[in-house]
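J.: Pasting a structure below so you can have a look.
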Amino acid sequence: MQSHSLHASKAQQFWWHHCVSWTRIHPSDSDTVRKMIWKLCVCFSFALHTDPSESATYAMANLSRPEATDLAAGSATQDPPPPQQQQQNGQFDDHQDFSLSPITLQKLPHLSEYVQDLQPARSNPLDRNPFFCPSDGFYITSTDVVLRHTVCRLSPSGTLDSPSHHVAYIRAGPRRNIFFDPSTTKAAIVTCGGLCPGMNTVIRELVVGLWDLYGVRQIFGIKAGYRGFYSTPPVELSPKMVHNWHMRGGTVLGTSRGGFDLKKIVDAIENHSFNQVYIIGGDGTMRGAVKIFEEVQRRKLRVGVTGIPKTVDNDVGIIDRSFGFQTAVEMAQQAIHAAHVEAESAVNGIGLVKLMGRSTGHITLHATLSSRDVDCCLIPETEFYLEGKGGLFEFLEQRLKDRGHAVVVVAEGAGQDLIPRTKDQEEGRDESGNRVFLDVGAWLKSELKKWWDRGHPNELFTVKYIDPTYMIRAVTANATDNLYCTLVAHSAIHGIMAGYTGFVTGPINGNHAYIPLIDVAQAKNEVNTKDHKWEWVRSVTNQPDFVKP
């Protein structure tokens, strides 16, 4: 992590022009613009260690004479009262002055930092592509950044109270110069971990993007996940071969968990002369990608490594969401609707749906909010208990009395500590080293029946349990996720061709950025149960917080 001052001329010009435009539209607010310019002068001067008056002189020189005269005349007007007095007078509003906090730009690894024989930069082939007309602003520069946080809280003094400083990432997109010769570039694409809607779309768009945008002709697919690097020959790919892959679920390349042997993988990359590696996978796969990048860097290989986050659970941190998530939420609603129909059609019927989400409940939460048929939403981030006052059983009994039916949606990682386990089950791990989860849906169905039989032995009761996990994972991506897959694939290509390595591409506040692999591998995206969205869930379901008295 390194702190960088944003380039003065471009940043100043951007804000000065915005101030000028505001003055033209709202000439009566020239005093407001004058104060805004002075605040910006102070901020830029702090970053550049210069006198604020120098920036002010620059600003006035870049305004037309009438606008400069108006702003200069406004300097004699009375300044507004301090923020504390405004707040006391009930005048603390959205238009008060504020100062910007420091910006920390996350450093992104580049091949030029450790590769001695790196080819000199060459012009981007998009300059000669008949379907592109690069103009001013088309190519991304080193001064284009994406802020991690765009929602801030102002303190009474007019400074940013939260966050205390801004983290920024390099914006994704094509660069004017590239560091790979397309005629000698040899790219490898691998898919790892579980299935997710959109995997084939990402593969297709990587192949088509490399071929059509940059003229790369040596593109290979690695079969069966990480172990495919050293266990099976790579498969040559072309746009003609992958043409219809986006219309198929799963991954045509095949996938698997485990099989991560760092030395064998990097040896295979070196032996096959791959100089670009695109790794598609979840959080465990990203941790493996970090090790591959570090070993490639240690060997000083001219190989760019990038990760494309794939997790239907949406548990990868920093980025807005991962591909396949919206498709999963859409498909989950079909299961919820079926459970609601079953429960509503029975006497004392309960529809129970288990959705994906080992450590996070994003699918369960969003599906609950989207369907409005859910009576209880259980996610890994919140605890719950069954028996006693305020427990799940008491809540469901009251709901059955009021409505005659209920729908419960539970994430697979919820309630795992409540399920009895044998010693072997306690120590069980899957191929990726993750703790083996027991079926919370089947367990909850059994506990519901036991509870009803104890208290209502002669009354009708039905539990319809639906587990759509594999149905959701195997479908093709919807339109929104297909578009996302195209953007994330092309962004990854642009980044590697520009010489960046050891990064992940993904949207941050709607803008695609390049994020260091290590940051993404360590970040988590858990549901914040203290924010408005979770409170919205509880207001929709009317469920208690399940906190024991």
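Each residue, glycine too, has its Cβ placed from N, Cα and C.
All TrEMBL annotations are machine predictions without curation.
Under the heading active site, proton acceptor, TrEMBL lists Asp313. The feature ATP binding site is assigned by TrEMBL to Gly194, Arg257, Gly258, Gly282, Asp283, Gly284, Thr285. Residues or ranges marked as Mg(2+) binding site in TrEMBL: Asp283. Taken from TrEMBL, the feature substrate binding site applies to Thr311, Val312, Asp313, Met356, Gly357, Arg358, Glu412, Tyr470, Met471, Ile472, Arg473. The feature domain 'Phosphofructokinase' is assigned by TrEMBL to 187-494. Positions annotated as region 'Disordered' by TrEMBL: 69-96.
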J.: Sorry to bug you, but what's the C-alpha spacing from Gly194 (ATP binding site) to the residue listed as 'active site, proton acceptor', rounded to the closest Å?
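T.: Approximately 11 Å lies between the Cα of the residue listed as 'active site, proton acceptor' and that of Gly194 (ATP binding site).
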J.: Validating a neighbour-count step here. Other CB atoms within 10 A of the CB of Asp283 (ATP binding site): how many?
T.: 25
J.: Excluding near sequence neighbours, so keeping only residues 6 or more apart in the same chain, what lies with its CB under 8 A of Met471 (substrate binding site)?
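T.: Sequence-distant Cβ neighbours: Met331, Ala335.
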J.: Do you know which of the recorded positions Asp313, Glu412 has the most other C-beta atoms within 10 angstroms of its C-beta?
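T.: Output for this query is Asp313.
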J.: What is the pLDDT of the domain 'Phosphofructokinase' (187-494) when averaged and given as a whole number?
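T.: Looking only at the domain 'Phosphofructokinase' (187-494), pLDDT averages out to 95.
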J.: Of all the binding-site residues given, namely Thr311, Gly357, Glu412, Arg473, which is spatially nearest to Asp283 (ATP binding site) at the Cα level?
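T.: That would be Thr311, the closest of Thr311, Gly357, Glu412, Arg473 to Asp283 (ATP binding site).
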J.: Do me a favour and check the Cα-Cα span between Arg257 (ATP binding site) and Gly357 (substrate binding site); whole Å is fine.
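T.: A Cα-Cα distance of 17 Å.
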J.: Between C-alpha atoms, which of these binding-site residues comes nearest to Gly282 (ATP binding site): Thr311, Gly357, Arg473?
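T.: If we rank Thr311, Gly357, Arg473 by Cα distance to Gly282 (ATP binding site), first place goes to Thr311.
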J.: Would you list, in sequence order, the binding-site residues among Gly194, Gly284, Thr285 whose CA lies within 10 Å of the CA of Arg473 (substrate binding site)?
T.: Gly194
J.: Gly194 (ATP binding site): which of the binding-site residues Thr311, Gly357, Glu412 have a C-alpha within 10 angstroms of it?
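T.: Matched binding-site residues: Thr311, sequence order.
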J.: Of the residues named as substrate binders, Thr311, Val312, Asp313, Met356, Gly357, Arg358, Glu412, Tyr470, Met471, Ile472, Arg473, how far apart in Å are the Cα atoms of the most distant pair?
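T.: The substrate-binding residues span at most 17 Å between Cα atoms.
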J.: C-alpha of Gly284 (ATP binding site) to C-alpha of Gly357 (substrate binding site): distance in Å?
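T.: So the Cα of Gly357 (substrate binding site) lies 15 Å away from that of Gly284 (ATP binding site).
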J.: Go through Gly194, Gly258, Gly282, Gly284, Gly357, the listed binding-site residues, and name the one with the sparsest Cβ surroundings, counting other Cβ atoms within 10 Å.
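T.: The binding-site residues Gly194, Gly258, Gly282, Gly284, Gly357 were compared, and Gly258 has the fewest Cβ atoms within 10 Å.
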J.: Can you grab the distance from Gly357 (substrate binding site) over to Thr285 (ATP binding site)? Cα atoms, rounded to a whole Å.
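T.: Rounded to the nearest whole number, the Cα-Cα distance is 17 Å.
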J.: Same chain only, sequence gap of 6 or more: which residues have a CB within under 8 Å of the CB of Thr311 (substrate binding site)?
T.: Cys196, Gly282, Asp283, Ser322, Gly324, Phe325
